[in-house]
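S.K.: Pasting in a structure now, in structure tokens, and then I'll have a few things to ask.
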Amino acid sequence: MERFLLKANYTPKGDQPKAIKELTEGIEKGLKMQTLLGVTGSGKTFTMANVIANVNKPTLVIAPNKTLAAQLCAEFREFFPENAVEYFVSYYDYYQPEAYLPATDTYIEKDSAINDEIDKLRHSATAALFERRDVIIVASVSCIYGLGDPQEYRELLLSVRKGQIYEREAILRKLVDIQYERNEYDLTRGKFRVRGDVIEVFPASYTDRAVRIELFGDEVDRILEFDTLTGEIIGELKHVAIFPASHFATSKEKLERAIKSIEEELEERLRYFEERGKLLEAQRLKQRTLYDIEMLREVGYTKGIENYSRHLTGRKPGEPPYTLIDYFPKDFLMIIDESHITIPQIRGMYEGDRSRKEALVEYGFRLPSAFDNRPLKFHEFEARINQVVFVSATPGPYELKHSQKIVEQIIRPTGLVDPEVEVRPTRGQVDDLYGEIKERVARNERVLVTTLTKKMAEDLTEYFREMGVKVRYLHSDIDTLERVEILRDLRLGVFDVLVGINLLREGLDLPEVSLVAILDADKEGYLRSERSLIQTIGRAARNVNGKVIMYADTVTASMQKAIDETNRRRKLQMEYNRKHGITPQTVQKAVRDVIEATRAVTAELPEVKRDFIQKMSAKEFKQYVEKLTREMKEAAKALEFEKAAMLRDLIIELRAQKAVKK
């Protein structure tokens, strides 16, 4: 049986050993729900990795958004280089759901752009679950949305062995049945081509490799794996399993049954409209559905096939859909990261989906069975949990109520303590903050400032810019990739101060940040609740000089609770440090691009050890940077722009480290 092999250059420290032991024991005793209450920067991901390695179960990790899922996936891949760590998020770069607005008689057709890279990763994830047990899938909440029947997906796979008797025509028919497209010129993912007795297939779950099946008569003579770009042979295989190119692929018999079932529902629905005199709706539904049926008959696929998923999988009306969770074996482990955000998200998915579809069904754009192409309801999601660990610095009411064990991880491995929190009056707050910023910039540290309104954030950014501060404003219109670049530039010192409204969003745990300023801290609301304030305070917890200033004229109940909880943790941490003679150190974290988490192959970069850099003489350091600069220019000349950009960032980071050391 495959085991998880955890690779790390460090061992559990602080509260990690206790948390790992308690959570592992809880899982082995069969506890269904546990919570890891881990403060920011306490190494919760490393604790999770150790628990996964100990219990050795296939694991689903659910994160609240794509960016956080990408970060977690990158970290788990570093911890488990020999195991299958997969990424499963919504494959839409852009998604406009199908909708109808009766007030203006406006039909909005579904419009989307599918990210081929993410679609490949989704196929890779489901294929891994059928091929091995040492699998970790990091997913967003999209994992509770409908997917094809896992049993059908497994049964439809094309299995080819060397020496097997398999007619050429039978292989080709099978490939078409499982939604592979024949294309003699363009061999890309989900396509195949034929040259005499040689069949070349690019499996849906592969990145840059394809499979060549060589036949001798009806016997499989050789199976080769080759590079799709260069044609170079990578190796010879004894067996290959090619999974369907679509999660909604279905067998001929089931497709016929599904079409019959769709036709019956259509007849019934047309009667319903005609009896009520809704002839326009009846005509619309008939035209659209008959077209879809024709497409299903001819090519086994149609745009919006997911709306017929109930018929294709043979489910009864109202029955929950199959989801990624159904692809896992029964004894799997679930970890819900940032559970205080993720659980409410899961809870709200069904209602949002239902309300949008009601108009589509009522006005004849879709059959009522479209309601069954939906995310899981919360009670259905609960029923699919085998064992779960909720992970959060501020667990929500659901986790606190249902967990059979709550494990605290307060002590950080670095010895860092929670930041000191100070409340200052709002009068003269901007000038006071400017003085604090100047201090931090002089020490090569960074500052986060959170405001309550867009106008305040914009005005503050403009004012600081006029005062000569290198400042950026992080607003909600910025897309995910641009956010990642802004955060990277903040870490590299391209600018020093980041102003934003919601600093609770992902990726803002930056070790260079030594000051978090909270303006209007006494205005009660979502962003100034106890839980939000504790999360915001945690943004300064990765730096040894971490400090939080709340600007407020009164101390609200939320502020007091957040300050009290921070002081409780701070006291425990300081006592532990005193007892064990630990001197806190700022977290040392490489500026790694989280965008790379979703790429299977990244540019090869030299692994740089900080202590190695600091021991270099000025001359050695200069020569090393010159070498990297040459490599960067060569990469740019060879059109390897990603590698060149990564080398550029590495050079900036190294120079910054050397400057700090001086």
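Quick reminder: no glycine exception, Cβ is built from N, Cα and C everywhere.
These numbers come from a predicted model, not from an experiment.
The ATP binding site feature in Swiss-Prot is assigned to Gly38, Val39, Thr40, Gly41, Ser42, Gly43, Lys44, Thr45. The feature domain 'Helicase ATP-binding' is assigned by Swiss-Prot to 25-412, with sequence analysis given as support. For 429-595, the entry in Swiss-Prot reads domain 'Helicase C-terminal', with the evidence type sequence analysis. Feature annotation from Swiss-Prot assigns domain 'UVR' to 622-657; the stated evidence is sequence analysis. Sequence annotations record features per position, and here Swiss-Prot assigns motif 'Beta-hairpin' to 91-114.
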S.K.: Tell me, roughly as an integer, the mean pLDDT over the domain 'UVR' (622-657).
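M.R.: Per the prediction, mean pLDDT sits at 76 for the domain 'UVR' (622-657).
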S.K.: Can you tell which of Thr40, Ser42, Thr45 has the most other C-beta atoms within 10 Å, given these are the binding-site residues?
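M.R.: Output for this query is Ser42.
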S.K.: Count up the helix, strand and coil residues in the domain 'UVR' (622-657) according to DSSP, in that order.
M.R.: 33 helix, 0 strand, 3 coil
S.K.: Taking the recorded ATP site as Gly38, Val39, Thr40, Gly41, Ser42, Gly43, Lys44, Thr45, identify the other residues of that chain whose CB atom sits within 8 Å of the mean position of the site's CB atoms, giving them in sequence order.
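M.R.: So the additional residues around the site are Thr47, Ala393, Gln409, Arg412.
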S.K.: Determine, from DSSP, whether Gly38 (ATP binding site) sits in helix, strand or coil.
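M.R.: Going by the DSSP assignment, Gly38 (ATP binding site) falls within a strand, counted as strand.
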S.K.: For Gly41 (ATP binding site), what residues in its own chain, 6 or more apart in sequence, show a Cβ-Cβ distance under 8 Å?
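M.R.: In sequence order, Arg412, Thr414, Leu416, Asp509, Gly538, Ala541, Arg542, Val587 meet the Cβ cut-off.
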